[in-house]
Amino acid sequence: MSSDVPLLSMRGITKRFAAVEALVGVDLDVHAHEVVALVGDNGAGKSTLAKMVSGVLAPDAGFIEIAGEQVTIPTPTAARGLGIATVFQDLALCENLDVTSNLFLGRELRLGASRDDSRMEQIARQVLRDLNSRIPSVRSPLSSLSAGQRQSVAIARTLIGSPRIVVLDEPTAALSVAQTAEVLVHIERLRDLGLGVILISHNMTDVRAVSDRIVVLRHGRNNGTFDAAAVSHETVLAAITGATSAELTPRSLPPLSPLLR
Amino acid sequence: MTTDTNLAPAAPPGSKPRVPLSQRMQGLGGNARQYGIFGALVVIVLLFQVLTDGKLLLANNVAALFQQNAYVMILAIGMVMVIVAGHIDLSVGSVVAFVGGIVAVTMRDFDMPWVVAILIGLAVGGVVGAWQGFWVAYVGIPAFIVTLAGMLVFRGLALVIVGETVAGLPSQFIAISKGSLPNFLGFASNMDVVTLLIGALAIVAIVVSQLRARSSLRKHELYVEPLGAFVAKLALIAIGIGILTVILSFSAGGTPIVLVIVGVLVVAYTFLMGRTVFGRHIYAIGGNRLAAGLSGVNTRRVDFWIFVNMGVLAGAAAIVTTARAGAAIAAAGQNFELDAIAACFIGGAAVTGGIGRISGAIVGALIMGVLNMGLSIMSVDPSWQMAIKGLVLLLAVAFDLINKRRAGTQ
């Protein structure tokens, strides 16, 4: 399932916002061909950690290695240069532009002084086909697409420029059941393509459906890493909430997900 | 792809066979909406042609239409870029007076050749734009405030430079706005051959470039519009330019020099906005500034250069305005910013940014120009002209909004 040297390795990551300790000494490994779910309650530091991988925030302490080499990731552009692609929680897409333009935003292909629109459109179609995405046309403006289709575009975007690591921050939060299923299929496609995927989600059903490993954060600290195939709901929930699994009966669970049985 | 050319777009292998018409129209980048503005211009022209008993389209009136409105078109080109990026520029009228003063003083008091004065004018415009762009892009002050300040600052500086009217400018300079291309090829049954030649070249250039774009799309197996629509579009463009050319060739001077200037600017900026990475980034910033930034677009740099560009174009408008007046006055350019902004909004730009085209802004400027000229020929009182223009602006935007809402609820 995973190779020896992790694609991404974070060690002792610490981040403070004024007096608040968002992350304290957090470790995270992601291998190729692996979906790592990053779970935790609100404010556990999941998004903060993801933002460091995507170059939006810089850690105060700790280091990041990509394929065994220590790196700094000062900007989103630098992250992309290192082969890290991110789907942000608040969909970073432009509604007035069409699908192709959004896929290539910030890394347009050039042909002399102008853009190479034909080639970008060809690649856009290829990428959407790779994902088995159901977008009517790569020339549709984003404003005409459904929430699920937009999420498909956001995920397809990560494939432009052949990344090694994809970070997905709550990709299914605003989606219907059918749309969620489609996005989960996309995530599996990313793994099949050999990428390392970091999936941040509140939804334990989604997490268990696609992830290989589950990393739990609680109050900005590591609170357990589990094999997704072997671990029980209760164990993960206990790690998230800080309760011992014996205390948790299904009825007393916090309403983490309506899909939870 | 060598099948029957009468077929609707040949679907590329492996893609979905048919795309709904509505989506295809959207896919064309709102072309349908563009055709709507052109249609409105044609209707207004025909309306005033009737109301003025055919005086509107007299050759000399058409030439004057361009000479009188060149400044709006030049400013609207820059303004539409500013508006698409989600900003506004209220200072361009004052900048026109300021730069106009500098250009005139350079020629009269410092005895510089007119060409040098023009270059200085454009450069000063660029510096003014850089000043405002700095505050907007790198300090983060809203453009409304920065350019409101600029409106006062540069009007004040214009008053300092142009204490009294600076007249007595070289005739070559004045010819920029009042002159026409020399008709050195003579006349063919009263028609200026140079004008006819330019018109013919323009038609050929458009047809060739459209055909090349189409064949490139085909080569890459991408969607092309139906052949019938394509031919109809080209035919309408050719007929439109043809009519304009023939009318202008009967005018006293032939092709106004400002029309050539505006034409070159329109072609250059349509390319910039439509085909370059910079243009794409302007639209992206206007659509979702945060997303553009996260995607790696250098939003500050784009903002900065948009304002530098607006400044240079304001400089160009200053040159045209000063040449037309034959003198620099401190009160020049009053309300020019409003003319340019109105042209953009009539031409379909969105107040919220992200939407707008060079061609739309130019057509918007022409609609205002035709209204001006038509109402003047009918000797409508200037006060009423102003009121009518205001209503047209309001109705144009309201019509657009209602259309969009209806499309949205479907």
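Residue numbers in this text run from 1 along the chain shown.
Yeah, the Cβs are placed from backbone N, Cα and C, and that goes for glycine too.
TrEMBL annotations: computationally assigned, not manually curated.
Keep in mind that what you see is a predicted model, and the values were worked out from it rather than measured.
Copied over from TrEMBL:
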type	residues	note
TRANSMEM	B:35-52	transmembrane segment
TRANSMEM	B:72-105	transmembrane segment
TRANSMEM	B:112-131	transmembrane segment
TRANSMEM	B:137-163	transmembrane segment
TRANSMEM	B:184-207	transmembrane segment
TRANSMEM	B:227-250	transmembrane segment
TRANSMEM	B:257-278	transmembrane segment
TRANSMEM	B:304-326	transmembrane segment
TRANSMEM	B:338-371	transmembrane segment
TRANSMEM	B:383-402	transmembrane segment
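Comparing B:72-105, B:184-207, B:227-250, B:304-326, B:383-402 for CB pairs under 8 angstroms to the transmembrane segment (B:338-371), the maximum falls on B:72-105. Beyond its flanks by at least six residues, the transmembrane segment (B:227-250) meets 5-6, 57, 59, 62-63, 190-193, 195-196, 198-200, 202-203, 206-207, 210, 214, 256, 259 of its own chain at Cβ-Cβ distances under 8 Å. Through the fold, the transmembrane segment (B:112-131) approaches residues 91, 95, 98-100, 102-104, 106, 150, 154, 169-170, 172-173, 304, 307-316, 318-319 of its own chain, all at least 6 residues removed from its boundaries and within a Cβ separation under 8 Å. Residues 117-118, 120-121, 124-125, 128, 132, 136, 143-144, 147-155, 157-158, 161-162, 166, 169, 261-262, 265-266, 269, 273, 282-283, 285-286, 289, 302-303, 306-307, 309-322, 327-341, 343-345, 347, 349-358, 360-362, 364-366, 368-369 of the same chain lie 6+ residues outside the transmembrane segment (B:72-105) yet bring a C-beta within less than 8 angstroms of a C-beta in it.
Within its own chain, the transmembrane segment (B:257-278) is flanked in space by residues 63, 66-67, 70, 73-74, 77, 81, 84, 175-177, 179-181, 198, 202, 248, 302, 305, 313, 316, 320, 357-359, 362, which lie at least six positions past its ends and keep a Cβ under 8 Å from the stretch.
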